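Visitor: Please read through the structure below; I'll follow up with questions.
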């Protein structure tokens, strides 16, 4: 991670000199915004997983699920959240969004850079199911990173997505055992969080003539 941070710092200085970004500091997130990003990450993860589930006959979803079960077997939840929910997202965002996406962004429009970096992120995950899932999320993470003007926005999205993937199976089991209809309420809440978050951060880019990061 340290070499990537050094490269990002050097890139940032070059962008300022070249006039690609404003001289102002990236936006600082407030606690409600951090919580909103975590919730958005959970929502994006949920709906991306549902899409992958629809495509499971093509993507061999069962094999992917067995591999994930084997990966998580015997490990405490706190360890999984620390390693897969916090450390891994931070490391991956530094590489794939702070470095790769922002370098692509120097040469092309946001949409193209987001798609290309998202596909690279998907291929990195190694199997078809994770490639589709990670590519979709990678595109979204890059988009929110760019419009929010804050490096930590994509990190929090990624953390929210990974933590949700870890805790949601047990949460579903607990909810279904008590009130199956509550699952639909949960999905509706996630949808509202996702829409609200996208609307909120999209407003930030209005009137901006240059990139912030």
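Glycine is treated like the rest: Cβ placed from N, Cα and C.
Per TrEMBL, the features are:
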- 77-163: domain 'CAAX prenyl protease 2/Lysostaphin resistance protein A-like' (DOMAIN)
- 35-58: transmembrane segment (TRANSMEM)
- 78-100: transmembrane segment (TRANSMEM)
- 107-125: transmembrane segment (TRANSMEM)
- 131-148: transmembrane segment (TRANSMEM)
- 181-201: transmembrane segment (TRANSMEM)
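Show me how these features fit into the structure around them.
Guide: Across the range of the domain 'CAAX prenyl protease 2/Lysostaphin resistance protein A-like' (77-163), the DSSP-based residue counts are 78 helix, 0 strand, 9 coil.
Long-range neighbours of the transmembrane segment (35-58) within the same chain, counting only residues 6 or more positions beyond its ends whose Cβ lies under 8 Å from a Cβ of the stretch, are 29, 129, 132-133, 136-137, 140, 144, 153, 156-165, 168, 187, 190-191, 193-194, 196-198, 200.
Listed as Cβ neighbours of the transmembrane segment (78-100) (distance under 8 Å, sequence separation of 6 or more from its ends, same chain) are residues 1, 4-5, 7-8, 11, 72, 117, 120-121, 124, 138, 141-142, 145, 151, 154-155, 158-159, 161-163, 166-167.
When Cβ-Cβ distances below 8 Å are used as the criterion, the transmembrane segment (131-148) is approached by residues 27, 37, 40, 44-45, 48-49, 51-52, 55, 59, 93, 96-97, 101, 105, 110, 113-115, 117-125, 154, 157-158, 161, 197-198, 201-202, 204-205, 211, 213 of the same chain, each at least six residues removed from its ends.
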Visitor: Per-residue pLDDT averaged over the domain 'CAAX prenyl protease 2/Lysostaphin resistance protein A-like' (77-163) comes to what?
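Guide: Computed over the domain 'CAAX prenyl protease 2/Lysostaphin resistance protein A-like' (77-163), the mean pLDDT is 95 on the 0 to 100 scale.
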